[in-house]
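The annotation 5-phospho-alpha-D-ribose 1-diphosphate binding site is assigned in Swiss-Prot to Gly85, 88-89, Thr93, 95-98, 113-121, Ser125. Sequence annotations record features per position, and here Swiss-Prot assigns anthranilate 1 binding site to Gly85, Asn116. Among the features that Swiss-Prot reports, Mg(2+) 1 binding site is placed at Ser97, Glu230. Annotation source Swiss-Prot lists anthranilate 2 binding site at Arg171. The Mg(2+) 2 binding site annotation in Swiss-Prot covers Asp229, Glu230, and the record cites sequence analysis as its basis.
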Amino acid sequence: MASWPELIGALLARESLDSARTAWAMDQIMAGAATPAQIAGFAVALRAKGETPAEIGGLIAAMRAHAAPLRIPDEIRARAVDTCGTGGDRSNTVNLSTMAALVVAGAGVPVIKHGNRAASSACGSADLLAELGVAIDLPPAGVEACLRAAGIAFCFARIFHPAMRHVGGPRAEIGVPTAFNILGPLTNPAEPGAQAVGVADARLAPVVAQVLADRGTRALVFRGDDGLDELTPTTTSTIWVIPGGQPSAAGEAAGQTAAPPRREQFDPRDVGIHVPDIAVLRGADAPHNAAVTRALLAGEPGPVRDTVLLAAAASLVAAAGPTDAAITEQIAAALPRAAHAIDSGAAAAVLDRWTDASQAAAAAAAIAR
């Protein structure tokens, strides 16, 4: 039987925990059985020791066990991609990954985006979508209805992971990034087959990549070398390339992990994109960011479009399954498809269908209550 003194003591002794023990800790937290001091002590000790993929895997397993169920048909789920990143880079850019989600859906790839309201910025993905007219607090049936009608859906973390409310206070009071900061992109309740994940914390980016590789997810994990949790348009980015493929049951039972993801450097200038100053991507409140989003969908050129195209191209590469080719070549090949989704009006049409479908689903849910 695990205990908090045992787990925190082991971490302070710089001993890594197996997934069963971190799953126990997360189960206690999700059940409301852990005190704020225990939650904070565990998170800080884990960070000080350095998180491993197995430890993160245990946290994810317990968090999923407490989540509201969402069952997306396999033929859709397997093709779908999530563009959710970790946030926390303190750059206060506009909602690049959310805009990229609309572009990817406009290119014909199903998108199941996991997200929440703002934590470290003025406008989170949920804030932006609500401002654009999307009903965000939908039950599972509403999420699936949006996916079928518009090719895109939003899983609001507060709806599907209500037990995470126990983490909010200690996390805010600690004030430094911990493992809790990376769980959002790794706990999408729909479990899409592909992900494009920006990670702000340089320590945790390779850990996130290995977790996704062990899961068999097709993915690109990236971090701008300027600290942005995006493919930055200002300088180089580091990308971890994960082709995906289901791990074998025998391998999982033996505790084997997938091969380490391939690490590459990406320079946006190699695909014809360069933004000299990140300041031109600064966002503000939800009305401002919504106006920027609508301008993008209307075809407005400029640094926001260029940066969103990079993000959308990365998501398209992840959805298709990264190959052995250099990642720069793969992103370059996907850029025209992303641009066409905007210029043809397809991405804007996705937003129109999504707002209609989500509002209808919200009305149906209200009647059912």
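The chain as shown is numbered from 1 upward.
Cβ coordinates are placed from backbone N, Cα and C, and glycine is handled just like the others.
Where Swiss-Prot records a feature, it is marked here on the structure.
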{"residue": "Gly85", "record": "5-phospho-alpha-D-ribose 1-diphosphate binding site", "DSSP (3 states)": "coil"}
{"residue": "Thr93", "record": "5-phospho-alpha-D-ribose 1-diphosphate binding site", "DSSP (3 states)": "strand"}
{"residue": "His114", "record": "5-phospho-alpha-D-ribose 1-diphosphate binding site", "DSSP (3 states)": "strand"}
{"residue": "Arg171", "record": "anthranilate 2 binding site", "DSSP (3 states)": "helix"}
{"residue": "Asp229", "record": "Mg(2+) 2 binding site", "DSSP (3 states)": "coil"}
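In this structure, the CA atom of Asp229 (Mg(2+) 2 binding site) is 16 Å away from the CA atom of Asn116 (anthranilate 1 binding site). Working note on the binding-site residues His114, Arg117: by count of other C-beta atoms within 10 Å of each C-beta, His114 ranks first. When Cα-Cα distances from Glu230 (Mg(2+) 1 binding site) are compared across the binding-site residues Gly85, Thr93, His114, Asn116, Arg117, the shortest belongs to Gly85.
Cβ neighbours of Asn116 (anthranilate 1 binding site) (same chain, under 8 Å, six or more residues apart in sequence): Gly124, Ser125, Ala126, Phe156, Ala157, Arg158, Gly184. Within the group of binding-site residues (Asp229, Glu230), the Cβ with the highest number of other Cβ atoms inside 10 Å belongs to Glu230. In this structure, of the binding-site residues Thr93, Ser97, the smallest number of CB atoms within 10 A of the CB marks Thr93. Straight-line distance linking the Cα atoms of His114 (5-phospho-alpha-D-ribose 1-diphosphate binding site) and Arg171 (anthranilate 2 binding site), rounded to a whole number, equals 20 Å. In this structure, the C-alpha atom of Arg117 (5-phospho-alpha-D-ribose 1-diphosphate binding site) lies 15 angstrom from that of the residue listed as 'anthranilate 2 binding site'. Separation of the C-alpha atoms of Thr93 (5-phospho-alpha-D-ribose 1-diphosphate binding site) and Arg171 (anthranilate 2 binding site): 22 Å, rounded to the nearest whole number.
Look at the binding-site residues Gly85, Arg171 and count other Cβ atoms within 10 Å of each Cβ; Arg171 has the fewest.
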